[in-house]
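Have a look at the structure below, then the notes.
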């Protein structure tokens with residue numbers, strides 16, 4: 001691929017040893033809680049027959065994705081901050097970039113599918129079981145995974161064809177598209193254009209589907225006569241709405257922009273929130289704001 005630089009040095013978070021160790025402790029704690037929280041949701045849905053519905057099937061897919069998403073970031077980031085694993089080969093860097101962006105794209109598609117599921121449940125409650133059956137839910141989940149990985153394939157290929165002559169220091173704790181473009185000594189315009197177009201297709205398109213679904217959902221909820229009915233209907237989608245707001249806010253800041261080489265330090269902070277904090281928040285949001293999950297959790301503890 002014409003690459004002169006065979007490996008990169010990940011800078012991580014520069015600072016004193018105590019500062020970096022404190023980051024390591026926080027990252028390790030958050031990683032442990034993320035894996036335990038999301039794995040618990042998968043196990044809870046698997047064991048609770050009343051949660052065997054399309055909504056919780058999509059939630060299991062999201063939790064499974066979050067485990068791998070954070071696993072692709074935090075172990076390497078801890079090694080970078082401890083100074084034991086600061087180098088990363090070019091091929092592994094491209095693979096990490098492809099893996100993380102593919103999982104991020106899959107999450108966008110999954111969140112839009114979950115919004116569509118809530119739209120059917122609230123706007124067509126009597127026909128929901130026939131409209132969103134098991135076959136359709138599996139197809140939608142599978143399409144989200146395939147679409148997420150296929151959407152990033154061309155982008156990862158174009159990035160792998162870039163020429164890197166030096167410097168070889170990436171101002172990040174992971175390989176992301178912005179940092180790679182900033183280090184390349186070849187023309188990055190094709191990759192920047194591809195990044196922008198893929199972002200529009202994946203992020204903006206899935207966000208539009210989600211927004212349109214919630215426009216219909218809110219319209220249907222407002223037509224419900226009783227306050228109790230409105231509250232019950234909104235409670236079924238409030239957790240998903242919280243996750244959507246957090247995810248799309250940070251993702252659009254990172255990727256939906258014409259140029260990918262601006263504010264690398266700020267991107268690193270936002271990326272930390274996107275890849276470390278958000279996967280941790282999701283299981284707690286769905287647990288604390290969902291009565292069915294809390295009841296199933298209570299029964300599991302009683303057993």
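Each Cβ is built from the backbone N, Cα and C atoms, and glycine gets one as well.
In TrEMBL this protein carries:
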TRANSMEM  20-46  transmembrane segment
DOMAIN    37-286  domain 'G-protein coupled receptors family 1 profile'
TRANSMEM  58-82  transmembrane segment
TRANSMEM  88-116  transmembrane segment
TRANSMEM  136-158  transmembrane segment
TRANSMEM  193-217  transmembrane segment
TRANSMEM  238-256  transmembrane segment
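Across all of the domain 'G-protein coupled receptors family 1 profile' (37-286), the predicted model scores a mean pLDDT of 84.
Tallying C-beta pairs under 8 angstroms between the transmembrane segment (88-116) and each of 20-46, 58-82, 193-217 places 58-82 first.
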